[in-house]
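Peer 1: Before I ask anything, let me first share the structure, which is written out below as structure tokens.
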Amino acid sequence: MSGPQRGLLKNVLPPMGPPGLPGSARRGWGSGGLTVGGRRDYTPVSWRKYWDSCRDVTLEGGDVFRVYQRGSVGPLLLLLHGGGYSALTWSLFAENMTEMVECQVLAIDQRGHGDTHTADDGDLSASTLASDVGRVVETVYGAQQPPCVLIGHSMGGAVAVHAAYHQHVAGLAGLIVIDVVEGTAMDALSSMQSFLRGRPNNFNSLQNAVEWSVRSGQTRNVEAARVSMPGQVKNVETGKCGTVDLENMDEAPKEPPTEGRRGSTVRADVIMEEGSEADPSNEASSAPDTKLPVTKYTWRINLGETEKFWAEWFQGLSSKFLSSNPAKMLLLAGIDRLDTDLTVGQMQGKFQMQVLPQCGHAVQEDTPDRVAEVLATFLLRHRLATAKSEFHRSFPAC
């Protein structure tokens, strides 16, 4: 695959380049990313640290959608994750956002992802995904639904645009699309299958999956990876999402650590650095000892099998985005090529554009505090929310 093709792919799926970590002032490095002594801690963590509640919403017809909620007053921020992710990708962002402005957050495991289960998990058409969003919101809030701001990342950004354009969500006051541009995404589709084949098919444990996500560059924030990855994989034997195993582990009685010489065997929950050996000298690059069981995991969704839907997610996205009525923002991880419609629309002031350099495709995971600052400023600028605390105001810039 050529260099330009790899560059295009970052706007559809996570990058596969060297990981790199955010600066020490960012979350995941100084707070939750390292243990005492300088070792990275890849142990997965529960959703409970970041969300007020987790519930399964049953729609008419029997489809069950997993949602996570935080906050109870203010405008509703409805969060839609990208392809292959889950609602837990928004965990650190939701925590930051609710500390900055008065708002309530609802993040959804979309069809075929995370702990959501429907009669047809394979139907990932744009129309179905957009309709799901409206049905979930209506079921959760009914006539009590507060003003809503749709926020979507990657594929979720496309779904947000479709939902806004077709008016599936009542009382829509804002639309924020994160790191997806129609032209770039469409150009990347021809290389998508090759890109997906570059990922591992299985992981020996949840900790193994978390470690891969950081070392591969899928996320540059260890803390985000620890809460996000369990929602992206499933147990090969049970077919259940990794979040289920994690909750069972948290509830199980803790056993004392097994005695023995550290570093004497290759640990199943650690990915060895290239060229490294399983001996004590490699301790600094391995995760701390835990009692996580060695269980095979694979991806919750086979993205390669969704190929027939890829084009419809992104075709016409720019015109639909510009035609939607609410206040709009396009948040990018780098300076991408805008198509003619978006270029003209930006010049006419139809939407706000913000670029956050030096972060990967999963912007909300890499720099959740920075993304929260940008979106909180957007909400205050359009008088959609009130401030709860002082924070750095980020104004339109590219």
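For all residues, glycine too, the Cβ spot is worked out from N, Cα and C.
What you see is a predicted model, and the numbers here were worked out from it, not measured in a lab.
Pulled these features from TrEMBL for this protein:
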REGION    1-29  region 'Disordered'
DOMAIN    77-374  domain 'AB hydrolase-1'
ACT_SITE  S154  active site
ACT_SITE  D179  active site
ACT_SITE  H361  active site
Peer 1: Which value does the mean pLDDT take for the domain 'AB hydrolase-1' (77-374) in this predicted structure?
Peer 2: 87
Peer 1: By the count of other Cβ atoms within 10 Å, pick out the sparsest of the active-site residues S154, D179, H361.
Peer 2: H361
Peer 1: Do me a favour and check the Cα-Cα span between S154 (active site) and D179 (active site); whole Å is fine.
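Peer 2: If we compare the Cα positions of S154 (active site) and D179 (active site), the gap is 6 Å.
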